[in-house]
Amino acid sequence: MANSDSPEPATSSTFSLTIPRIAIRRTSSDTQLDKVQIKSASVYNIHGLSGSQHSLSVPPIHKDVIGYRGSNEFILTDDKQSMMDQIRSIGPWFRRKCKNVCRRKILYKRVPVLNWLPKYSADDAVGDLVAGITVGLTVIPQALAYSSIAGLPAAYGLYGSFVGCFVYILLGSCKDVPMGPTAIASLLTFQACDGVWQRAVLLCFLTGLIELLMGLFGLGFLIDFVSGPVSSGFTSAVSLIILSSQVKDLLGIAAKGNTFIEQWSSIIDDIHNTQLGDALMGFICIVVLLLMRLLPRIKVGPPDACDQSTVQKIINKSLWLIGTARNAIIVVVCGAIGAAFYENGKEPFRMIGDVPSGLPSVQAPPFSVPEIADGNGTVVQEYESFGDMLQGLGSMLIVIPLIALLENIAICKAFADGKPVDATQELIAIGVSNIANSFVQGYPGTGALSRGAVNNASGVRTPFGGLYTGLLVILALLFFTPYFFYIPRAALAAIIIAAVIFMIEVRVVKPMWRSKKTDLIPGIATFVACLALPLEYGILVGIGLNILFILYHAARPKIHMDQAVTPCGVKYLMLTPDRCLIFPSVDYVRNLINKHGLKSQIPVVIDCTHIYGADFTAAQVIDTLIKDFKSRNQLLLFLNLKPSVGNVFEGADLEYRVFYDFEQLDKAIRECRRKSIPA
C-alpha cells in the first residue's frame, strides 16, 4: 500500500521524490519469512490478470525524478495466514488478553473508586453528604410513585433504591448518577410484567445480567451511534417531559400520560381542580430555589480567598453551604409547615402519605411464579415456569437494557463538562447494580435524569453521595417513614422543576446552526419525536435519521479532480476519491469517472490513496468501468492501490494496471499514447 499526494498542475519543471525503506512480509502455509528490509526500492507494478498470478518489480530507487512529488511513507505488507496459523495464534492471543485484564491500569479503569477515593477531601465529604441526603429525600417519594407506574406494591420501589447506590460507588464513573427506579423503566416493567412482582424481580436480574455481559464484551460503543445533536434533543425532550410530569403535583391536580402531549392534555382537562395551597407553595419554592441557586456566586471581600478575613471566609462558606443545600432546606422547611397544618386539622397541601417500613429479605430472584387462589378456590394467578416467564418478558430483555444505557449516558453527558464518558464502564456498573437489586426484590432501574439534576444542583462531588442516599432509604424503611408523611408533593415537584429547567439545551442550537445546519435535523426530529411519542421510539427516530445521513454520505463520496501534465508533456486527468469503495457508492463513482473521462478524452489516473477498503460489488462495477474505458480506447490507470483492495480486485479477476511511482506512471502513459492502444 502506498500514500501519494496527487500531482499538482505543472507550473514548475522541478520536483523531488523521496521513498524510504519498504517492509515486505510473505506468509505461506508451510513457512513464514521474516520481514525483509529493501532499502533500494521505488516501483511496485502489480498487474491483475485473469488468473491469480501477479508480479512485483522492485527496480533501484531514483532519488530525483523530474516532474513529480511523491509520498515519503510506504509500507507494503502481505499478512495472509493459513487456517492452521490462525488456529495456532488463538492461544497466544488469549494469554495476552488475560494478561492485559490483570494489569493495574485495567483494574483502576474498571473499579473507578480506586482513582478518586485516595484524593477524597473534607469538602468532598460535605458536598456528598448534602447531595446524598437531598437526593434521598427525592428518591423516597419518586420510588413510591414509580412503583404504582410499574403496577407493583409501593414497597418494591424502595427495595430497588438503596443496594444499587452502594454498588455504583465502587463501579460507577459519573458522580451525578443516582441509581434507582425511573419512570421509563417502571413503565416498561409494567408492560413486561403486568404487575406480577416475581416477573419484575426476575426481569431486574436478567436485565442486569445482559447489561453486565454487554459491558464485558465492550458493547458500550453502541452509544456512539447516538450523536451529539440526537443526545441534545433527547436530553431536552426528557427534561420537558419530567417538568411536565411534576406540574400535576405543583398544582395539586390529577393528571396522567406517558408522553408530553398526553400529559398536557390531561393537565388542561383537570386544571380547573387546581389546589390553591399546592400551587402557592410550589411556585414560591421554585422562586426561592432559583434565588438560592445564585448564593454560591456571591463573594464577600476580595476575590482571592487568601486575601479574605476570617469573617469574610465564614460568610462565603455559609452562602455556599446554603446555596448548595437549598433542596434539603426546602424539604425540611416545607415538611415542618405541612406537619404544622396537619396537626391543626388542616390539609392545604397534598402529602406524600404512608411509606411502608421494614427491610426486604435477601434471597435469590424467583425463577417461577406460584399459583395463587382466593378463599373460594378460584385461581387468581396461574403457575408460570422459568420458560413461561422468559417468553412473557420477550423483547423487553433487550429494550430495557438499551433504554437504561441511554438514560444513564444522558446524565453522564449532561454533567460531563466535556470529559469523555466510558459507556462500557457504565454498562458494568448498572448491570451489577440491577443484579444486586434483584436479591432484595427490586425491579429494573438506572440513573434517573431528574434525580441526577437534583444531585448535581446539590453540589455532589463524587459517587460517594450514593452512600448517604442508600442509607437514608434504609433509615426511612426502618424508622423515619412517619415523618416523611408530611412532605408536600408540591415542594418536591418544585425541586425537580427548578433543577431540570436548566437541562433544556437551547444553548447548543446557535453554535450548531453556525457550524453545520444539517445537524439540526436529527436533533430537532429527536426532540419532537420524544415529545410526541414514547421515549424509546423518539430516540430510535433520531438514531435512524443519523444512520440515513451516514449512508447518504457513504453513497456520495467526493472526487477531487486535477488536470496534470507529465514531464514529457502528456496531459492526463487525476481523479482522487475521498473514501472507500462500497456498494452504495460505486455506481455513483463510476458515473462520475465516466463523465469526466468522456469530457476530457485524455488518460485518466485514479488515485486510490484514500480508498482503504472495497467489496465485491465495487470490484464488479470497477470491472465494468475498466471495460467502458477499454471500449473507447481510453487509458485508465490506478495509483497507490492498497493491497487489501487489490486482493478484492484479484478475487474478482479484474484486469487492471496499478503503479506506486510517478516515474513508472509517466512511462506507462507515454508508451500507451505512443502505441495508441488501451491499457
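A Cβ is built for glycine as well, from the same backbone N, Cα and C atoms used for every other residue.
Quick look at what TrEMBL annotates:
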- 150-171: transmembrane segment (TRANSMEM)
- 200-223: transmembrane segment (TRANSMEM)
- 279-298: transmembrane segment (TRANSMEM)
- 319-342: transmembrane segment (TRANSMEM)
- 389-406: transmembrane segment (TRANSMEM)
- 465-485: transmembrane segment (TRANSMEM)
- 491-509: transmembrane segment (TRANSMEM)
- 521-552: transmembrane segment (TRANSMEM)
- 604-672: domain 'STAS' (DOMAIN)
Which residues of the same chain, at least 6 past either end of the transmembrane segment (465-485), have a Cβ under 8 Å from a Cβ in it?
127-129, 131-133, 135-137, 139-141, 143, 158, 161-163, 165-166, 168-169, 172, 175, 178-179, 335, 351-359, 455
Taking 200-223, 279-298, 319-342, 389-406, 491-509 as candidates, which has the most Cβ pairs under 8 Å with the transmembrane segment (150-171)?
200-223
Tertiary contacts of the transmembrane segment (389-406) (same chain, 6+ residues out, Cβ under 8 Å):
184-185, 188-189, 191-194, 198-199, 202-203, 206-207, 210-211, 214, 220, 222-223, 226, 234, 367-369, 423, 426-427, 430-431, 444-446, 535-536, 539
Report the DSSP secondary-structure composition of the domain 'STAS' (604-672) as helix, strand and coil residue counts.
36 helix, 13 strand, 20 coil
PLDDT averaged over the residues of the domain 'STAS' (604-672):
84
